[in-house]
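> Per Swiss-Prot, the features are:
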type: ACT_SITE; residues: Tyr22; note: active site, proton acceptor
type: ACT_SITE; residues: His99; note: active site, proton donor
type: BINDING; residues: Asn73, His79, Asp86, Leu100, Ser101, Arg110; note: substrate binding site
type: SITE; residues: Arg17; note: site 'Transition state stabilizer'
Amino acid sequence: MIIGVLNGPNLNLLGTREPAVYGTATLADIMAHLEGVAGALGVQLRTAQSNSEGALIDILHDWRGVVDGVVVNAGAYTHTSLALRDAFTATAIPFIEVHLSNIHAREPERRHSMLASASIGMICGLGADGYEFGLRGLVRALELKRQSTATG
């Protein structure tokens, strides 16, 4: 199984960007931990980060038929990007949305996700651990779907 991990705008600044909100772990720290978790689960990761909405969409298009699912932190595009949501639905890649902070306890403009209704689920407010929980949840959901299809 191959899982993509897609990170959106400003996540490259983790560790220094508003540590009281996002924590002190860098994106590299989070991805290194996730690689270890993936190894224990027997899955491979493909990771990408971009500050550009178009680049994130291109990555999803490129991952079509390559990855089995995606863990995504779309950053601020979560709240604004119908195009990113459309890329997920157009590629039919199942995904779990993760956020370091609890978006539902943030400013009003950050409380709505354009992606959530198309996702398998959302994990928010658990800091860097949310990525691990998202990966584990996605792998489990995909395994259950495969079992259901096989016995269907």
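Quick reminder: no glycine exception, Cβ is built from N, Cα and C everywhere.
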> Per DSSP, to which secondary structure element type does Arg17 (site 'Transition state stabilizer') belong, with helix, strand and coil as the options?
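For Arg17 (site 'Transition state stabilizer') - judged by DSSP and reduced to three states - the answer is coil.
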> Taking the binding-site residues one at a time (Asn73, Ser101), which has its Cβ surrounded by the most other Cβ atoms within 10 Å?
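That would be Asn73, with the highest Cβ count within 10 Å.
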> Do any of Arg17, Tyr22, His99 (recorded positions) have a CA within 10 A of His79 (substrate binding site), and if so which?
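Close recorded positions: none.
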> Going by a 10 angstroms cut-off between Cβ atoms, which of the recorded positions Arg17, His79, His99 has the sparsest surroundings?
Arg17
> At the level of the C-alpha atoms, what whole-angstrom distance separates Ser101 (substrate binding site) and Arg17 (site 'Transition state stabilizer')?
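Taking the Cα atoms only, Ser101 (substrate binding site) lies 13 Å from Arg17 (site 'Transition state stabilizer').
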> Pop the Cα-Cα gap between Arg17 (site 'Transition state stabilizer') and Asn73 (substrate binding site) into the table, whole Å please.
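About 15 Å separate the Cα atoms of these two residues.
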> Around Asp86 (substrate binding site), which residues of its chain at least 6 apart sit with Cβ under 8 Å of its Cβ?
none
